[in-house]
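Now, the feature entries from TrEMBL:
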type: DOMAIN; residues: 707-777; note: domain 'K Homology'
type: REGION; residues: 888-964; note: region 'Disordered'
type: COMPBIAS; residues: 888-910; note: compositional bias 'Basic and acidic residues'
type: COMPBIAS; residues: 911-921; note: compositional bias 'Low complexity'
type: COMPBIAS; residues: 933-943; note: compositional bias 'Basic and acidic residues'
Amino acid sequence: MMSANLPVRTKLDSTIPFNVDPNRANQFQFTDAQDWFSHNIPHWRNLFSFITSPRPRILEIGSWEGRSAVFLLQNICGQGTDIGIAGSERNDQMDFEGADIVCIDHFDLFRTSAGRERFRKINHNLSLTGKPFRVLPQFSVPALMKLLEKEILKEESLGNAGDANVPEYEGVSGSEQVGFDWIYIDGSHEADDTFLDGELAWRLARKGAIFIFDDYHWDKEPEDSKHHPKKGIDTFLDLHRGEYVKLTEPEHYQVVLRKTSEMRIGFLVDKEGLSEDEGDAIKKVFGYGINVALVVDPAYAMSAAVVILSTVENTTGRITIYIVDCGLSEENKQRFLRLIDPLRANDVTMMFIALNAEGLGKELGPVWAKLDLAEVLPIERVLYLDADTLIRTSIEMLWQTDLQGQTIAAAPDVGHPMGHDQMGVKMPYFNAGVMLVDLAKMRSKSAELKQLGRSMKDSKFRDQDVLNTFYASQWKRLSLKWNAQGLGTYARYPSPERDMLRLLDPTIDTPDPAIVHFTGPVNPSVEEVLSLYVQPPTAKPWGYLGAPGHPFQAEWWAVVERTRWGYTRSQSANVATAEMDKAISDAIRDFRERVEDTYLFTSPWKIDPFMPADNKAGAFAEESSFATLFPKYREKYLREVWSAVTRALEAHGVACTLDLVHGSMSVRTTRKTYDPYIILKARDLIKLLSRGVAVTQAVKILNDDISCDIIKIGNLVRNKERFVKRRQRIIGPDGSTLKAIELLTQCYVLVQGSTVSVMGPHKSLKEVRRIVLDCMKNIHPIYRIKELMIRRELAKDPKLATESWDRFLPQFRKNHLKTSDKTAKKNERLEAKNAARTAAGLPIESSADVAAKKKVYTPFPPAQLPRKVDLQLESGEYFLKKHEKIAKESAQRRQKQTESMEKRRAERAEAFVAPAEDAAPTVEEKRKRKRKDMGSEMTRDQQEAVGTKKSKKKKHKVEEEEEK
């Protein structure tokens, strides 16, 4: 894949600056105008120090007349023979073991005289060096493929026969003859050809090899063209980022890399004698890696980091780690990713898998998530590891275990080799902490496994019991060195089952297990710590007790420190105090409950179960029956579950009937009925079924300690929207409020339509009824929930058993006001406003004025408002131009803002207007007031006399003015 018309970059001096014999220097045949190499010599000499192989091998793609090849032979390669090996288009035999350099160039496939001449010159020039060489007159891709095939066969011969069958040169072993130490790519100038040459040649490059691309800034094509070699080189660099060190700057004409990853050819060839036992080679070539899965929640994040780091440190090769995320924070995820050494970044991959929305992990909790692995992992085979394990050696041998057609490979459970009492039957029982699983087989029966898991959700060891029950005859026994349990504790205790297991698997007592499993609780209870049967007690290293007596506890903490999780043994000691206090308080509470449940301290009003022997009178004299209607939408469900209802009632001697014609259910006593009260329980059962309660929950009403209450809320609120809103408050966002009520009252609550169905202890029913009714009266349930939480904490303190709790309980008060209170507050606000208006000199507003501002009621509808277009036509705005409309709107907006601002300013100024004050009277005012007071005291005759005198004086004054 090379261009036949390479451009002339510049004309250089024809002197040969190589370390050649002076007698032969003039014999080289190079075209002076086609020297595109000599200017690279100073830079290339600086790269020779990176070559560490005693006999380096060179690969050159695009040799032209061999100018660069001659330089490399004389300056890098050791002494060789004087015989060159020239290729021929007629000779397909490939023999590179003795070659120090391999040159690839198509030479126009010898179809032109120029191509044939270049082929002659390169063979002539390389022969003058006296070093071994090989010239492949082919396009680069077929030549590289043949070269790869030869390297593969050579590598296989090393793996099968050893180094003795591989030729050696000057003491260099055959293992060093696989791959090349210097690769120079100067072939085609097409981007895709350059990328393909680089990709194939990269597979032939040893670790530490120098890898050179030429023409990175070729000037014949623009660099953004898809044909420019820069495109192909950049793509290659992006693809193999992290596998090399770049030794040149971006502006350099050549791109020089030093490979940091191991050599990987990536495929095999079909040949006779290739055995199926060549597992390592096949695994390496096919890219088969180890798939490891963990189920991790925040509580086990740190211990999971120990599993991941110890796995990566002890296992080489390709590893993919799948972490089933059970609520991990983003910080924990980043911590997990930082566990991978950058040098292993190409070999180790970590993926976070979300929980299956319909899986058991989401439904029953994280401990059940391992049963969902087949549904969430996109692989066919996985090694599952519990988050409380420690990997001490490579798990590659465990991964290669042949399952022999079984679904699971696991080690026996040391604590219960033949299962525990709740399993019902003695059979070999495995520990589910370390499992090699065929997910393809598990996936085919995933639905049945989940169904069994739901039915056994209350079993002693939960998911482990389910797996042992489901795969009772479909698991292969692993050695206990792959799952060493109970070390330092119960594993050393003798028992018939454990002794038999010891005979079958001597590794139970091995001092050097491959995988250590820290079984037991994180923080054991006081009862477990003080148990006489297991000493030291079983616990995990990071709990308050640590793992006493465990031989690998210190090694586990050493790995924790290497994880840099930020958690040390000293911090663990600080947490241990609080956990130990909690364990002690729990033990005291459990002790008190057990004492109260004993016969001596049984309450005198405790009711024992009613048994058939307690019915001394025999069969009932009369039949009692109850019936209830059910809505139409419940018909389908009731038909499906009616058989279960019938079986539940038949156990108590009660008959039941489902009438689909009239839409009713009925129950009645029979001659087999022995409990007089059971008919009332049966009545409650059909009432609950008619109101939407599931049959699995409803049948619990037949127990003596369970009662029910149907709370009708439909007629408590008249407004429908208000009713729906308050009913939703009982449920809360995502059902959180309803869940809190159920947890605090130990009741089952179902909000359905206009009723709330409640099942639970009688005392708790009253609490739920109180919460529901208060909620419909607009009192939020959170107030009652807070009170219940406080009561629950107070009940734990024995000192407060005989004291009143009122001082601890919150007192919530209503903020609603009566009509009279509202009116009084309204009048107070009006008086304060009038006082401010009086001070500002403004008129006073009365209640009538305020009422007058309100709209006057009229039974007639308002007049139809005109359309916006009609208003625009009326005002002429419709005919305005766009800029005129914008200007008018802007002016109106500014005017409105100005008016609003003036109004607010006037309102604010009311409080700052000084009240009118009575100033001191002037002299003139005093005289007027005095005359006014005197005038009021005169008699009528005196006033007439004074008036006559004033008129005369005035007349006299007028006359004087006229005379003047």
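Glycine is no exception: its Cβ is also placed from the backbone N, Cα and C atoms.
Please treat TrEMBL annotations as automatic predictions, because they have not gone through curation.
Packing against the compositional bias 'Basic and acidic residues' (888-910) from elsewhere in the chain are residues 836-837, 839-840, 842, 877, 880: each is 6 or more residues past its ends and has a CB under 8 Å from a CB in it. Helix, strand and coil counts under DSSP for the domain 'K Homology' (707-777) come to 40 helix, 17 strand, 14 coil.
Here the domain 'K Homology' (707-777) has a mean pLDDT of 92 out of 100. Secondary structure of the compositional bias 'Basic and acidic residues' (888-910) per DSSP, as helix, strand and coil residue counts: 23 helix, 0 strand, 0 coil.
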